[in-house]
Amino acid sequence: MSSILVEGGKSLRGEINISGAKNAALPIIVASLLSSKTLVINNVPQLSDVSDMLFILKSCGVHVEIVGSGTIALTANNISGHFSPPCNIVKKMRASIWILAPLLLRLGQVRIASPGGCAIGQRRIDLHLAALKAFGANIQLEDDYISANCSSRMHGISFKFDKVSVGATITAIMCAVLANGSTKLANCAQEPEIADLCYCLRKMGANITGIGTANISIIGVKELNGANYSIIPDRIEAGTYMVAAAITQGKIKLNNVIFKHLKSAITKLRLSGAIIQYQNENSLIIEGANIIKPLNIQTNPYPKFPTDLQAQFMSLMSIADGVSIITENIYENRYMHVFELIKMGANIVIQSREAVVTGVKKLHGADVIATDLRASVSLVLAGLSAVGITKVKRMHHLDRGYESLVEKLQNCNARVQRIPD
């Protein structure tokens, strides 16, 4: 366990290189299980979630080689039914559910612990299991374990998701690429990270059309090849540092970004008064306004405003000149950071899924506790703008999704340091 000390009141100025997207890296790493050939992945962020997923794959018999900085080579030519993914890691990682489909396709049977992750609402796995069953899998739930088997090759299906789900869309895509026949998936999540997975699978030999849309068509192939693939930059990390500039009235240049992935965040930041300029194909400069204007924000599936930036924008709205309304439509329990922001002087009232944020002139440093990944960084952002020193505890959450955050902030003259508890 460790904490981060933040001394606020300093405008951030500098340049930050955005890392590879965690939410693309994890499913692409898992996709290596679909082939016996080597998959080389570039632009892989150094995060605890990535390390945990690689550890799970090693336990399944995958050969993992660190080729260089941000590059790994995965070869799943020696997996068998005699594997034992570590329960403690599987249970704490929601993304571990994705290993079910490829292992079932390769081995015909699999048994893993039920997955975990951030304690945010009812992140259920029923949509994943419904998709697996539709493809022909037999599923049994017993004592916090999931057992699955398939007596023959999975078959192509026409399937419409009851609700938009990033995770379940990924599970279904991985089933379909090796299933017998054609698959049509409707009401798919359209996140860029899903498209990135599809482009990687296509490079491995998968037959996928409709990438990036709500309707994806896949014709199954008998086997996939190896490939060399680079992960897209992390739009949530980019959005977080954009808020860092806005909340400190600073000026930051971000490199390695994809503008269209940031459209909803850029629109809201401009409405708040920030000035954002595109520099070239993959760089932008954001300059925060002296007076932050209030916003109305509703989280929704991509391409609308992402739930993973809700907490960061709430910190920004805490010092806006007026009243902001933030509505969380994705998860029913993603306001745990609110109580910590209130300790810092924020004026926030929760009404079911809606947060009414009345801006104050200044936040004040306090000892606060991170409850999940995005909450942890929202408290760091609040500390950057606050008067005095903020201590953010339980920063292991941050390590799940932000590569070298302290160092990147320090490069922009932030007074921030990590300390052991």
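The backbone N, Cα and C atoms fix where each Cβ goes, glycine too.
According to Swiss-Prot, the protein carries these features:
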| type | residues | note |
| --- | --- | --- |
| ACT_SITE | CYS118 | active site, proton donor |
| BINDING | LYS22, ASN23 | phosphoenolpyruvate binding site |
| BINDING | ARG94, LYS163, VAL164, SER165, VAL166, ASP308, ILE330 | UDP-N-acetyl-alpha-D-glucosamine binding site |
| MOD_RES | CYS118 | 2-(S-cysteinyl)pyruvic acid O-phosphothioketal |
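In this structure the C-alpha atoms belonging to LYS22 (phosphoenolpyruvate binding site) and ASP308 (UDP-N-acetyl-alpha-D-glucosamine binding site) are separated by 12 Å. Spatially close to ILE330 (UDP-N-acetyl-alpha-D-glucosamine binding site) yet at least six residues away along the chain are THR299, ASN300, PRO301, THR307, judged by Cβ distances under 8 angstroms.
Across the structure, LYS163 (UDP-N-acetyl-alpha-D-glucosamine binding site) and ASN23 (phosphoenolpyruvate binding site) are spaced 19 Å apart at their Cα atoms. Here the binding-site residues are LYS22, ARG94, LYS163, and the one with the most other Cβ atoms within 10 Å of its Cβ is LYS22.
Here ARG94 (UDP-N-acetyl-alpha-D-glucosamine binding site) is positioned 12 angstrom away from ASN23 (phosphoenolpyruvate binding site), judged by their C-alpha atoms. Most buried of the binding-site residues ASN23, VAL166, judged by other Cβ atoms within 10 Å, is ASN23. Secondary structure from DSSP puts ASP308 (UDP-N-acetyl-alpha-D-glucosamine binding site) in a helix. Each of the binding-site residues VAL164, SER165, ASP308 was scored by the number of other CB atoms within 10 A of its CB, and the lowest score belongs to VAL164. ILE330 (UDP-N-acetyl-alpha-D-glucosamine binding site) falls outside any helix or strand according to DSSP and counts as coil.
LYS163 (UDP-N-acetyl-alpha-D-glucosamine binding site) falls outside any helix or strand according to DSSP and counts as coil.
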